[in-house]
Amino acid sequence: MSLILIQALNGLQTGLVIFLAASGLTLVFGILGVINLSHGSFYMIGAYLALSLTGMFGDVFLALVAGIPLAFLLGLAIEWLFIRHLYDRDHLQQVLLTFALILIFNEFQQVVWGSYPHSIPAPSYLAHSVRLTEGLSYPVYRLALMAICVALAISMALIIQKTRIGRLIRAAESNREMVEALGFDSRLIFRMVFATGVALAATAGMLAAPIESAYPGIGDRVLIISFVVVVIGGIGSVRGAFIGSLLIGLTDAFGKVFLPQFSSIIIYALMALVLVIRPAGLFGRA
Amino acid sequence: MIDRRRLLSLGASAGAALACGPFIRPSYAQAGALKVGLLLPYSGTYAPLGEAITRGLELYVQSQGGKLAGRSISFVKVDDESAPPKATELTTKLIQSEKADVLVGTVHSGVAMAMVKIAREDGIPTIVPNAGADIITRAMCAPNVFRTSFANGQIGRATGDAMIKAGLKKAVTVTWKYAAGEEMVSGFKKSFIAGKGEVVKDITIAFPDVEFQSALAEIASLKPDCVYAFFSGGGALKFIKDYAAANLGIPLWGPGFLTDGVEAAAGPAGDGIKTVLHYVVDLDNAENLAFVKSFEAAYKIPPDVFAVQGWDAGQLLDAGLKAVGGDVSKRKELNAAMAKASFASPRGPFKLSAAHNPVQNFYLRELKGGKSVNLGLAAPAVADEAIGCKLS
């Protein structure tokens, strides 16, 4: 029983962090039509930003306050330098350029932070564990992380569903020409969406840093899982990304306990199953 | 007094010598620089390891006045990128286009295996300064292939012995599901079970996954006396922190690579972890004291086990070269001398087994305040079993 409780918590926590990363990917993919392979690099940048900024401010949450705007600015710059030239290009060219970005960010990370793993402390007021069952404690930071992710998910849903900006984003997704015709600058919207995607991935990296620590290649796994989430949830659907992330987190957590020999493929099996039943993903438009 | 005649004859012979330059070069090339081909990771996750090995080796050569057996040494460094698919091409390049006299490499076992395969065919004297794959000094052993590091199973066995000695009886193992992890665990189980210990469960995690909570929950429900774990790099750091956060109250043991390189980052979460390895920086022997001093003077950081393995690659090569007076064309004698070499290493006495793997002491270490502290000898002069090696 306690094992099931722990695994449910693990699954939810993994899923929620994946959601933050994957929601950015699905927005960029769905609205800009850009396949961004370097999305995992922004997660990595987030983890290392957390390392440097926590060193300066002493608390990972304060690091977040400085780190999110920095990541947003980085997103704006990357969009302006590279991504905006790709909107009307072939997917292959997008893949090539964003793959090149991965190499550049990896090199940058090596030069600036080196290749030894670094640990980022959780804030002292959260750096303890609560006893859940006899013999096993659960880190409080992970519980706080879950709460923050849920809060972010709710505010994202509200922004997209209820605000003028959200309506504009949804409109740009379904009909770019119409948005232009109504006098809105779709390029500006695109730039903001891309930067938001970068900021979301980096936020996920920063929040996860005290649990994951920072090491080279930390973003690779996140990139792959995010793509799986986008495929399961349906391209461009933030709600789909949310459901998909939780599904993956839980499947992975329970798969490891009940079907350990299949643990490395179980999420891909889930993806195949979803694709057979709903080829456009759970919330995708065929 | 130099007369005109003598000046003329001197000038003429000097001119003749210059003109003949291109033809006589081969004859003194033998006395010139010896080319050591270094195939090591200089980029990627393993770059610090490749760097440490290189530093250790270069430091040894410097300590001998830049010469081994009277020959100056030149290094050709090739970044193997820890990529097995590139290993064959890079090794061939070092041997054929760079004309390396000896090979030293590498860290990644997959790359080392490809490299050793070529070295066996070519016959070029080759020293492996890290890669721990058992097979290199077991089924793949060769007269010209030497290792100055360890075999994975050897560390596992030494750790099992130390755990039995500490009175532990019931263990759970946890590692990544990949070759190094499996070899470290199977070596451990051999000696732990032989010492009347019981392994209740082997938990494996897909490589390079770092989500350890389910493993920790399982360990909590199994309630063993101790956990034997092997991870490395970022994964090891995360495991150590997650393990501490889970508050299991079960002692954590492992091969030294569980904590090496991440001691400082682990901080208080690492306190009390016991590991077994063939080196610890505070070893109290004359060779190590001198080594640590000169390493710190040269590079401003304390040495690690990888630097020692590089240093000993230098010592081993030196022993071989001395026996043949620096003439690497005498490969057979050179190999024979390296096989028989025994010297004082910073890790303690060093000699090779019949399979060319070090027979060495293993030390029990405990992590305290971000540093591995030596608790004493865990197992003296441990050799690998060398199953399948036909050298003797």
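Note: Cβ is positioned from N, Cα and C throughout, glycine not excepted.
Marked as transmembrane segment by TrEMBL: A:12-35, A:42-58, A:64-83, A:95-116, A:140-160, A:188-211, A:223-250, A:257-277.
Most Cβ pairs within less than 8 Å of the transmembrane segment (A:140-160), among stretches A:12-35, A:64-83, A:188-211, A:223-250, A:257-277, belong to A:12-35. Of the recorded ranges A:12-35, A:42-58, A:64-83, A:95-116, A:223-250, the transmembrane segment (A:188-211) has the largest number of C-beta contacts under 8 angstroms with A:64-83. Between the transmembrane segment (A:12-35) and the transmembrane segment (A:223-250), three or more CB pairs separated by 6 or more residues in sequence fall under 8 Å, so the two stretches touch. Beyond its flanks by at least six residues, the transmembrane segment (A:257-277) meets 3, 7, 225, 228, 231-232, 247-248, 251 of its own chain at Cβ-Cβ distances under 8 Å.
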